[in-house]
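As structure tokens, the structure follows; a few thoughts come after it.
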Amino acid sequence: MSGTLVLVRHGQSEWNLKNLFTGWRDPGLTELGHSEAKAAGQRLKAKGLHFDIAYTSVLSRAQVTLQHILDEVGQPALQTIRDQALNERDYGDLSGLNKDDARAKWGEDQVHIWRRSYDVPPPGGESLRDTGARVWPYYLHDVQPHVLRGETVLVAAHGNSLRALIMALEGLTSEEIIAQELATGVPVIYRLNADSTVASKEVLAA
Ligand SMILES: O=C(O)[C@H](O)COP(=O)(O)O
């Protein structure tokens, strides 16, 4: 057995609440989002987890979520690396549009393909494959070495950057990833084997 990797999607953002495509735009958390993030921290604390290093994106909703968690686990000044490689999928021309308006304009099926397929990018944006092409190398080069040294690593990021990471981590197919949804503020704890494969997975739902 090797180390521990905890992935958490940010708490509800203002644009999640308004049902807008967000991507690389930078809205803050809602009241609910702040409390989801604090609750995630309390659940991680109850598991007795103590982190060695944390990673997040350059977007404030993930950074604020991370800080709430670190405050709750009693490690407010933990070393934290911020990198745009962990940003949400770039939603391109859909950014800022209402998701129901987009369904009315382009159809339910097309919008679902843009949101959940592996290799169809939204107009002007990134497919999940494109997102994985920046997330996975960053994970392998920067994050995974800590886990393989036996450390406990926290990554606070986004729905689709984490779906791309989970796909590679679990070896999911492009069919299997379609059904993978990540709730806001719900930590997922992976224990990794020394050969970097997944030994166990636990979802810390409320
Ligand atoms: O960028 C966004 O709009 C959300 O964070 C994720 O959106 P999705 O669930 O529509 O992919």
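Every residue gets a Cβ built from N, Cα and C, even glycine.
Residues or ranges marked as substrate binding site in TrEMBL: 9-16, 22-23, R61, 88-91, K99, 115-116, 159-160. The active site, tele-phosphohistidine intermediate annotation in TrEMBL covers H10. According to TrEMBL, the feature active site, proton donor/acceptor maps to E88. The site 'Transition state stabilizer' annotation in TrEMBL covers H158.
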* Structure fact -> G23 (substrate binding site), Cβ-centred 10 Å count of other Cβ atoms over all protein chains shown, is 23
* Asked: Can you check what DSSP calls G159 (substrate binding site), collapsed to helix, strand or coil?
  -> helix
* Structure fact -> Fewest C-beta neighbours within 10 angstroms among the recorded positions R9, K99, H158 belongs to K99
* Sort R89 (substrate binding site) into helix, strand or coil using the DSSP assignment. => coil
* Go through the recorded positions H10, Q12, G23, E88 and pull out the ones with a Cβ less than 6 angstroms from some atom of ligand 1. => G23, E88
* Structure fact -> Cα of R89 (substrate binding site) to Cα of the residue listed as 'active site, tele-phosphohistidine intermediate', in Å and rounded, measures 14
* Secondary structure of K99 (substrate binding site) (DSSP, helix/strand/coil) -> helix
* Set of same-chain residues at least 6 away whose C-beta sits under 8 angstroms from G159 (substrate binding site) -> R9, E88, E181, L182
* Which of the recorded positions H10, Q12, W15, G23, K99 has its Cα closest in space to the Cα of H158 (site 'Transition state stabilizer')? -> H10
* Can you tell me the three-state DSSP label for W15 (substrate binding site)? -> helix
* Structure fact -> Here the 10 Å Cβ neighbour count for Q12 (substrate binding site) comes out at 22
* **Other C-beta atoms that fall within 10 angstroms of the C-beta of E88 (active site, proton donor/acceptor)** => 27
